[in-house]
Amino acid sequence: MYSNNQRSRIGSHTWKIAFLFAFLALLVDGADLMLLSYSLNSIKAEFNLSTVEAGMLGSFTLAGMAIGGIFGGWACDRFGRVRIVVISILTFSILTCGLGLTQSFIQFGVLRFFASLGLGSLYIACNTLMAEYVPTKYRTTVLGTLQAGWTVGYIVATLLAGWLIPDHGWRVLFYVAIIPVLMAVLMHFFVPEPAAWQQSRLAPSKQTETVKTSAFKLIFQDKRNRNMFILWALTAGFLQFGYYGVNNWMPSYLESELGMKFKEMTAYMVGTYTAMILGKILAGFMADKLGRRFTYAFGAIGTAIFLPLIVFYNSPDNILYLLVIFGFLYGIPYGVNATYMTESFPTAIRGTAIGGAYNVGRLGAAIAPATIGFLASGGSIGLGFVVMGAAYFICGVIPALFIKEKQYDPQQS
């Protein structure tokens, strides 16, 4: 139970402190996720893996993130947004560091799965936390900027990989993951739970019953909540099928099929991710001005168009330009996704609903890396990217036709 004293810790600038920690949390989340992509070829060679087995490591990651996100969403509603952010960071930091000690495919896969439980719950907890701190007028701009933290993490991982792997090997890259433990400890002491969540825990009758009743039961008893949950689960499934399939295999595609050397590839990926940051931030401005629905569909369908262009029309002269434009479009759906979803559900079930819908979708997306691995073994990674483009098109059409924006205000309990 939260007291008036705890609620009084929230001042006019508290949301800025919360934003700083949430941004850094998503930065390390994104960096941790990309460590596998850049070390995949080295791990594949050392453990003598097939292409399908290499893809399965990405699928283990997504399966862990899915289960972690579903549980983390429920835990956010039950125990608090900040508390789950802290626990998530501690979980994936310690276990990811342990990946550097593994000696086989099975050891790596099992430990990666458990580390990914923290990766999945962190994304839901951070976005729910900030949605409840930021006023509606600026919410998408702030949350879009927050999503850029993930992409800054990609760049950090890219630079670390280019620096460490060629001279020190892939294991050292994973040892670095222990550093965010310090940040988790500091966040525990400096960031209070948002007022809307605290109030929902103090309110008598209805909110108390919500805590005692299964949140998933509350979601599926209400037709509106049930429909939103199903639509968002479908949208999230296609979004993540495309996003993680491309994210997991793009470095390998540039190396193996376009013939880039490792350091050259990392430079190209930095350019792509820099454009992605811009896409996420501008998506926030666009969504506040033009609407969540339009901006989301524009980014998803634009990405669907550009994936085949990269595969069929790339050349040494234009590949950088194609990757930069692709990176910009690729970032837009995630710049809007958090706000769009959080405004689709009421406070009492928000964490559970978002975590459930997003991560039911992620379970479907867990097959994406292995799917591209299978297609690559019989053809090319590029063929898999075309399939990912089709998934992006569908994920843009569903919300454009069926999901209204601004259904609930996250600042209201």
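First residue shown is number 1, and so on along the chain.
Note that Cβ sites are derived from N, Cα and C of the backbone, with glycine treated the same way.
The structure displayed is predicted, hence computed values, not measured ones.
Checked against Swiss-Prot, the domain name for Arg112 differs from that for Lys406, so they face opposite sides of the membrane.
The DSSP breakdown of the topological domain 'Periplasmic' (107-112) into helical (H, G, I), extended (E, B) and coil residues amounts to 6 helix, 0 strand, 0 coil. Only residues 6 or more beyond the boundaries of the topological domain 'Cytoplasmic' (75-85), in the same chain, are considered here, and those with a CB under 8 A from a CB of the stretch are 18, 21-22, 25, 121-122, 124-126, 128-129, 132, 184, 187-188, 191-194, 197, 211, 215, 348-352, 355. For the transmembrane segment (146-166), the most Cβ-contacting stretch among 86-106, 113-133, 172-192 is 172-192 (pairs under 8 Å). The list of residues near the transmembrane segment (86-106) in space but at least 6 beyond its ends in sequence, with Cβ under 8 angstroms from a Cβ of it, reads 25, 28-29, 32, 35, 47, 49, 53, 57, 68, 72, 112, 114-119, 121-122, 125, 171-181, 183-185, 187-188.
Ranked by the number of CB pairs under 8 Å to the transmembrane segment (229-249), the listed stretches 172-192, 294-314, 383-403 are led by 383-403.
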